Amino acid sequence: MKGVYFVSGIDTDIGKTVATGMLAKQLLQQGKSVITQKPVQTGCQDIAEDIAVHRKIMGIPMQEADEQRLTMPEIFSHPASPHLAARLDGRGLDLDKIRTATQELAAQYEVVLVEGAGGLMVPLTEKLLTIDHIQQQAYPVILVTSGRLGSINHTLLSFVVLKQYGIRLHSLVFNHIHDSRDAHVAQDSLNYLQCRLKADFPEAEWMELAKTGAV
C-alpha cells in the first residue's frame, strides 16, 4: 500500500474517523511512513478534531505537518456540509490549497489517508462534489460501511457512483461499531455486501472494523 487514498463513507457518522485512524495505526505497525489528512473539517475553530482523534488512535503526538496545517488546510466553524459551512463563514473553500497540501504530504510520506466529509456526493462547493475532486485527483477510495439498517442500499448506491465516475475502489471497510441491534440485519448486511463486493469490485479488499476498534 503506497500513495494517496481517499477514505469516504456511505453516509455521515458511519465511522470514517475511527477507520482512518485504525488503518493508519496498522500501517505504522507494518513499518510504513503514514499520515492522515482531513482536507475540510467543519464544526471546528482552530484544530481539526478528526486529526486529533487520528493521532490518539495512532498513538503518536500531533506532527509537524499538523502544526503546518498541511493535514487540515480548511477548517470552518459551522457543522455543516463544506459548501454551506464555507458560505456561513463568509469565505470560499480553497481547492488549490487542499491539492497543494495533499501533494506536499505525499512527497513526505509513503501513505496518505485523506478522510472526506460525509459521503461521496457531498458538495465541496456549489459546483464541485466530493467525488468530482476524487476523480480529478485519481485517488483510489476506501469506503466505510456498516451493518446498520439501510447500509446495503447506501453501499450499493456508492458502488454505482464509483463505477459511473470510473474510480477504483481499494477496499470496503465493514464497521461493526455501527451494527444494527438486530443481529439478523447486521449479519445479513455483512454477508450480502461481501458477496456484492466480490461481484462488483473483484480486485477490492474486504476489511472489518471490530467493535473494539481493531481492523
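Cβ coordinates are placed from backbone N, Cα and C, and glycine is handled just like the others.
Note that the structure is a prediction, hence the values are computed from the model and not measured.
What Swiss-Prot records for LYS38 is active site, and it gives sequence analysis as the kind of evidence. Taking Cβ-Cβ distances under 8 Å and a sequence separation of 6 or more, the neighbours of LYS38 (active site) in its chain are ALA48, ASP50, ILE51, HIS54, THR71, MET72, VAL114, GLU115.
Feature annotation from Swiss-Prot assigns ATP binding site to ASP13, ILE14, GLY15, LYS16, THR17, VAL18, ASP50, GLU115, GLY116, ALA117, GLY118, ASN175, HIS176. Look at ASP50 (ATP binding site): DSSP puts it in a helix.
Feature annotation from Swiss-Prot assigns Mg(2+) binding site to THR17, ASP50, GLU115; the stated evidence is sequence analysis.
Among the features that Swiss-Prot reports, substrate binding site is placed at THR42, with the record citing sequence analysis. For THR42 (substrate binding site), the same-chain residues lying six or more positions away in sequence with a CB closer than 8 A to its CB are ILE75, PHE76, SER77, HIS78, PRO79, ALA80, SER81, PRO82, ALA85, ALA117.
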The one of ASP13, ASP50 whose CB sees the fewest other CB atoms within 10 Å, among these binding-site residues
ASP13
Name, in the order they occur in the sequence, the residues of the same chain whose CB lies under 8 A from the CB of GLY116 (ATP binding site) and which sit 6 or more residues away.
PHE6, VAL7, SER8, GLY9, LYS16, PRO39, VAL40, VAL122, THR130, ILE134
Could you measure the widest C-alpha to C-alpha distance across ASP13, ILE14, GLY15, LYS16, THR17, VAL18, ASP50, GLU115, GLY116, ALA117, GLY118, ASN175, HIS176, the residues recorded as binding ATP, and give it to a whole number of angstrom?
20
GLU115 (Mg(2+) binding site) has its Cβ surrounded, within 10 angstroms, by a count of other Cβ atoms equal to 29
What are the non-local neighbours of GLY15 (ATP binding site), defined as same-chain residues 6+ apart in sequence with CB under 8 A from its CB?
GLY9, VAL144, SER146, VAL173, ASN175, ILE177, HIS178, LEU209
